[in-house]
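Q: Provided herewith is a single structure, encoded as structure tokens, for subsequent inquiry.
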Amino acid sequence: MIVNHRAVASIYRFEMARAWRTVMQSVISPVLSTSLYFVVFGAAIGSRIQSIEGVQYGAYIVPGLIMLSLLTQSIANASFGIYFPRFAGTIYELLSAPVSFVEVVVAYVGAAATKSIIIGLIMLATAAMFVDLEIRHPVWMVAFLLLTAVTFSLFGFIIGIWADGFEKLQLVPLLIVTPLTFLGGAFYSIDMLPPFWRAVSLFNPVVYLVSGFRWSFFGQSDVSVGVSLAMTFLFLALCLAGVWWIFKTGYRLKA
Amino acid sequence: MPPIISISQLSKTYSSGFQALKSVDLDISQGEIFALLGPNGAGKTTLISIVCGIVNATSGGVTVGGHDIRRDFRAAREMIGLVPQELTTDSFESVWATVSFSRGLFGRRRDDAFVEKTLKDLSLWDKRDARILTLSGGMKRRVLIAKALAHEPRVLFLDEPTAGVDVELRRDMWQLVRGLRETGVTIILTTHYIEEAEEMADRIGVISKGEIIVVEQKAELMSKLGRKRLTLNLQEPLSEIPDSLEPYRLELKSGGCELVYTYDAQGQRTGITRLLTDLSAAGVTFRDLQTEQSSLEEIFVGLVKDKR
Ligand SMILES: Nc1ncnc2c1ncn2[C@@H]1O[C@H](COP(=O)(O)OP(=O)(O)O)[C@@H](O)[C@H]1O
Ligand SMILES: [Mg+2]
């Protein structure tokens with residue numbers, strides 16, 4: 001499938017270099033904002049909240065916070081990565097190069113996922129300075145991290161192809177992803193909600209991601225891990241189908 | 001030798017419904033400099049974009065080096081370098097990084113010595129660490145050329161390479177093009193300036209409204225394109241052209257006040273001397289005269305008429 005591995009490496013390096021150039025925006029700002037969450041929710045409010053299911057509140061919100069930034073960063077990185085060449089016109093080179101669509105996707109999505117995972121890990125390290133963290137299932141933790149990063153980088157790639165302006169690029173993350181994440185149990189257990197709202201929450205895909213990820217830390221979850229995993233794969237499949245459709249139709253890439 | 005590029009019955013209708021190419025047939029020979037000459041909107045960029053894989057053809061086929069551009073797109077595209085019409089560059093990259101990137105993108109092994117040589121050939125070496133957005137327009141165009149050459153293509157497309165380019169870059173570019181030709185690279189350039197096609201090309205194809213009207217060796221085309229017009233302002237208006245002037249195929253204009261003679265400026269004999277002698281023999285006198293080159297538009301009209 002990957003024939004022109006040098007092209008994949010070139011695009012990947014290009015994208016990583018871009019992140020490095022904008023290290024302030026791409027790394028420091030998400031880490032900073034997370035630290036603020038810890039101060040506000042963990043230290044200030046958390047001291048007044050009792051532990052949830054035996055986990056101290058400051059630690060309880062860590063998986064949700066990491067998930068929040070994993071989603072937003074994956075989408076932002078991948079969507080911007082492919083949208084910008086379209087906007088600037090430099091996409092001509094990509095289209096005229098001996099690369100397949102799969103290679104392009106692998107390179108962009110790979111770079112976006114790498115960046116968001118690095119940010120996730122930095123946040124984890126930052127969190128460990130504020131609260132006692134113990135990771136019960138480190139392998140699963142990494143697996144959820146990887147799966148989520150790849151899935152939402154694919155989602156970002158689709159948005160980057162679909163968008164025909166910078167507003168649209170911001171639209172989906174701002175209006176859909178962030179609200180869903182906040183309502184998806186990042187800062188609370190959905191079991192704390194009244195039955196009706198708990199049922200509504202089950203339609204929120206982010207609930208499954210946060211729940212599964214939290215399980216890998218504390219060994220307890222709002223919904224069963226199997227369901228979480230299945231849902232994650234379902235989103236992955238949906239995003240792959242979207243990307244495949246773009247390839248088949250040449251949607252917005254070629255006149 | 002088989003053609004390095006073979007285009008057959010290529011048509012393109014954009015989603016807007018506009019037909020930009022109408023069943024174009026064109027063969028390009030290995031090692032030649034081919035100029036695609038045509039007014040704005042004729043379909044030059046569309047044609048190049050299809051060959052390079054940027055635009056999908058509606059119908060018809062293209063092979064490059066014998067490789068079908070769809071089925072065997074890797075082999076076809078590896079052979080091609082493209083310098084686009086618009087100055088589209090990454091802004092924040094350095095010159096060195098963007099040129100190396102292009103090489104890798106086209107699947108070539110890293111070769112710093114080659115990139116260095118390319119940058120030096122294009123007078124970009126001093127700017128290798130500069131961010132592209134700090135460069136002037138002319139320098140950006142050099143960067144685009146360097147990117148196109150980074151993977152050592154066998155075919156180079158230059159889309160309106162001299163539009164908005166200063167004299168120095170023009171000279172450098174033509175020198176580079178000739179140097180590339182020496183190494184066997186095939187060059188296809190588009191332009192809407194006759195002079196440019198004349199200066200550079202071995203062979204010229206004229207495209208108008210999505211159709212290739214004529215493809216010819218430069219010398220032959222130039223004699224067709226090089227028509228001039230001599231207008232004589234007469235002392236006394238004529239009601240009709242004297243029989244003795246029949247062979248000159250003159251036209252009478254402005255109510256008989258002007259005589260117009262069309263001739264081939266590149267030909268051995270323009271016939272002007274004889275015309276003037278015959279005019280005075282016929283007793284026709286004139287106050288003034290002007291000559292003018294026929295415009296590209298007129299030439300196109302003429303060519304289309306000739307063809308039908
Ligand atoms: N993406 C597009 N959608 C619709 N029409 C287009 C598109 N690109 C070019 N055209 C039209 O096709 C015609 C040929 O354009 P082009 O190939 O750029 O001409 P040239 O390069 O000879 O100036 C023009 O009339 C142009 O408006
Ligand atoms: Mg053009």
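Every residue number used here counts from 1 along the chain in the order it is shown.
Every residue gets a Cβ built from N, Cα and C, even glycine.
Note that the structure is a prediction, hence the values are computed from the model and not measured.
According to TrEMBL, the feature domain 'ABC transmembrane type-2' maps to A:21-250. The transmembrane segment annotation in TrEMBL covers A:23-45, A:57-84, A:104-127, A:139-163, A:169-189, A:196-217, A:223-247.
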Q: Tally Cβ pairs under 8 Å between the transmembrane segment (A:169-189) and each listed stretch (A:57-84, A:104-127, A:139-163, A:196-217), then give the stretch with the top tally.
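A: Most contacts with the transmembrane segment (A:169-189): A:57-84.
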Q: Give the nonlocal contacts of the transmembrane segment (A:104-127) in its own chain as ranges (CB under 8 Å, at least six residues past its ends).
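A: Here the qualifying positions are 2, 7-12, 15-16, 19, 26-27, 30-31, 34-35, 38, 59, 62, 65-66, 69-70, 73-74, 77-78, 81-82, 94, 133, 145-146, 149-150, 152-154, 156-157, 243.
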Q: How about long-range neighbours of the transmembrane segment (A:139-163): same chain, 6 or more residues beyond its ends, C-beta under 8 Å?
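A: Long-range Cβ neighbours of the transmembrane segment (A:139-163): 66-67, 70-71, 74-83, 86, 105, 108-110, 112-114, 116-117, 120, 169, 171-173, 209, 212-213, 215-217, 225, 228, 232-233, 235-236, 239-240, 242-243, 246, 251-253.
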Q: Same chain, outside the transmembrane segment (A:57-84) by at least 6, Cβ under 8 Å from its Cβ: which residues?
A: 15, 18-19, 26, 30, 33-34, 37-38, 41-43, 45-46, 49-51, 90, 108-109, 111-113, 115-117, 119-120, 123-124, 127, 130-133, 145, 148-149, 151-157, 159-161, 163, 169, 172-173, 177-178, 181-182, 184-187, 189, 206, 209-210, 213-214, 216-218
